[in-house]
Amino acid sequence: MEAGHPSPDSSSEECTVLETLSGKGLACPIHTGKVTELYCSGCEACVCEECVSGEHADHPTTPLLAALETHRDGLQERLAAAQNRLPQISAALVSLKEILQQLTNQRALIEEDIHVSFEELHKTLDVRKSVLLMELEVTYGLKQKVLQAQMDTLLHGQRGIVDTCTQTEEALSGEASAASLQAERGLGERLGELASQGLPFQAEENDQLDLLMEADGLRRSIHNLGTIITTSAVASQSEASGVGLEQCIVGLPACVTITTRDKAGGPCRGGNAILSAEVCTPDGSVADGEIIDHKNGTYDFVYTVNKEGEFSLALRLYDQHIKGSPFRLRVTRSPDPEVSPPTTTATSLTATATTSTGSSEGAKRRGKSPGSGSKKKGSRRTGSALGTPRRRENPIEDDLIFRIGTKGRNKGEFTNLQGVSASSSGRILIADSNNQCVQIFSNEGEFKSRFGVRGRSPGQLQRPTGVAVHPNGDIIIADYDNKWVSIFSSDGKYKAKLGSGRLMGPKGVSVDQNGHVIVVDNKACTVFIFQPTGKLVTKFGSRGNGDKQFAGPHFAAVNNNNEIIVTDFHNHSVKVFTPEGELLLKFGSNGEGNGQFNAPTGVAVDVNGNIIVADWGNSRIQVFDGSGSFLSYINTSADPLYGPQGLALTSDGHVVVADSGNHCFKVYRYLQ
């Protein structure tokens with residue numbers, strides 16, 4: 001039989017021969033008995049000779065063998081390009097693992113350093129230790145999250161390349177055919193994508209996690225804390241000078257300089273002497289004046305007299321007249337031509353009398369509080385505009401009504417008290433964290449009861465940090481270490497727990513107007529809202545410094561609009577949310593000025609919507625209106641706070657705060 005004229009029953013034999021010959025072609029699906037030996041690049045399809053003379057007549061075609069060879073060459077190039085990325089990924093993963101391991105090791109070392117350093121310090125530094133550990137956890141968590149996310153991305157890219165390369169290698173290990181062309185083309189596209197995809201080969205975080213612990217300087221500061229202030233000045237040797245001793249012009253300030261001297265007549269070089277000055281008219285009235293301490297042994301008495309006449313100027317040092325005192329003083333309408341004009345001081349009218357032998361209580365202050373009068377520790381309010389008061393005159397007055405507690409484990413004693421709540425029935429509840437109990441007092445500070453057993457079983461307390469009272473009288477307690485919230489009856493009988501398995505470190509609790517329990521999860525940086533049955537209503541917040549994020553949130557309060565007010569400790573701000581978790585308001589920044597915070601903690605809201613905030617690092621209590629504008633302070637100067645925590649408003653309208661560093665709670669007057 002001649003070639004080119006096959007018999008009908010020879011088609012299978014011819015096909016077998018052709019496939020054996022080329023190993024590529026298949027039977028044409030359109031033309032029976034024909035084999036696809038060509039490749040139409042325009043249609044990306046295998047065709048036979050009759051296809052080329054028909055519908056593919058004007059299309060560019062190439063021999064199938066050549067097309068397959070070209071395709072495989074391109075596929076091989078892409079495979080090589082993709083495989084070249086694998087060493088880069090491996091090297092990056094090794095580097096990241098080392099960084100992460102170093103970060104973890106540093107975390108462990110620093111945690112040990114924190115514990116060792118704080119164990120050597122006084123009990124009041126315990127508060128700072130817990131904050132550093134929290135900051136370490138937050139910082140480590142943020143860094144670890146970035147590095148872990150980068151590792152996950154690289155591992156995902158690695159798996160994609162390895163899987164695709166394996167499939168491609170399997171395809172290449174077999175013989176090329178029209179049947180595998182489509183699959184191989186898909187593999188090629190995928191390899192191209194993998195070879196060109198952007199992967200984070202460079203570490204996006206570092207392993208720096210250091211601790212700055214200036215313990216030696218702190219010990220020296222504590223060793224030198226407090227100074228006995230005195231002078232060697234005596235009245236008999238001290239003297240006054242200046243034109244203001246002889247003449248003063250009506251309505252204009254005049255100045256007298258007092259130079260203090262010791263018993264030998266030598267000049268004193270330091271300030272803080274207790275001086276007083278009086279300008280008396282013949283009828284006994286006193287003129288206006290101020291004393292300015294230059295801290296070098298000299299003082300200026302600046303005074304103004306508003307009428308003509310003869311006056312008496314008495315200058316006393318420690319209640320004794322100095323040399324020449326009292327002085328006769330003439331006040332005229334115009335300068336006497338024989339006397340030079342009096343010397344004046346531009347700042348004299350706003351200067352204040354100063355004494356440095358003031359309250360030792362004031363020297364104890366950590367932060368700023370209104371009512372101290374001066375930023376200098378130990379300064380005392382002046383009792384008269386004419387001079388510095390005596391040591392025991394005019395003690396500092398503040399808003400404190402009473403304080404309850406010392407450090408200990410008995411009734412009315414505390415160890416690291418945290419949360420505070422006040423009931424409508426006239427009770428104050430304190431979460432006594434390290435004593436694993438809740439103590440209850442009357443609004444007048446009378447001890448009533450306490451309950452709590454240490455442990456990790458339901459009904460026991462391991463580290464109670466927050467407390468609230470439900471409208472039905474139940475007592476709700478946030479247990480940080482047990483990672484749940486316990487509910488007790490009003491007489492301390494355990495009823496239920498909620499949040500177990502969801503909470504990581506609940507710190508503060510509150511109750512909204514619907515009776516829902518609001519839990520501030522300090523460790524998860526999330527606010528949870530539960531029904532009293534334990535059913536989760538909603539949650540919001542995550543770790544970070546964004547508007548809807550937190551960094552170690554502490555406590556929460558609810559206003560008359562059922563809005564939730566949260567103190568964001570490490571972000572130094574207060575945030576107000578709707579019950580659904582939408583941000584309404586944010587106020588505060590890091591600092592010591594009015595309206596600024598150094599780690600806010602406790603929060604409460606009065607009937608007018610004003611927000612009261614405990615400023616932990618500044619050891620003060622600030623008051624804001626409902627829009628976050630600063631209004632005032634609670635005056636705490638006489639008995640300073642030290643690391644205040646929880647805060648609440650009592651049923652009789654006073655502010656109660658947990659003074660954690662002083663192991664007591666304090667009740668202050670508050671004018672709503």
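Cβ coordinates come from backbone N, Cα and C, glycine included.
The structure displayed is predicted, hence computed values, not measured ones.
Look at TrEMBL and you will find 23-64 tagged as domain 'B box-type'. Here TrEMBL flags 65-113 as coiled coil. Taken from TrEMBL, the feature repeat 'Filamin' applies to 230-331. Per TrEMBL, the feature region 'Disordered' maps to 329-402. For 343-361, the entry in TrEMBL reads compositional bias 'Low complexity'. The repeat 'NHL' annotation in TrEMBL covers 401-444, 448-491, 492-533, 537-580, 584-627, 628-671.
Contact counts against the repeat 'NHL' (492-533), taken as Cβ pairs under 8 Å, peak for 401-444 among the stretches 230-331, 401-444, 584-627. Under 8 Å from some Cβ of the repeat 'NHL' (448-491) lie the Cβ atoms of residues 411, 418-425, 427, 429-442, 497-500, 503-511, 515, 517, 519-520, 522, 530, 532, 555, 646, all in the same chain and six or more residues away from its ends.
When the repeat 'NHL' (492-533) is classified with DSSP, helix, strand and coil residues number 0 helix, 21 strand, 21 coil.
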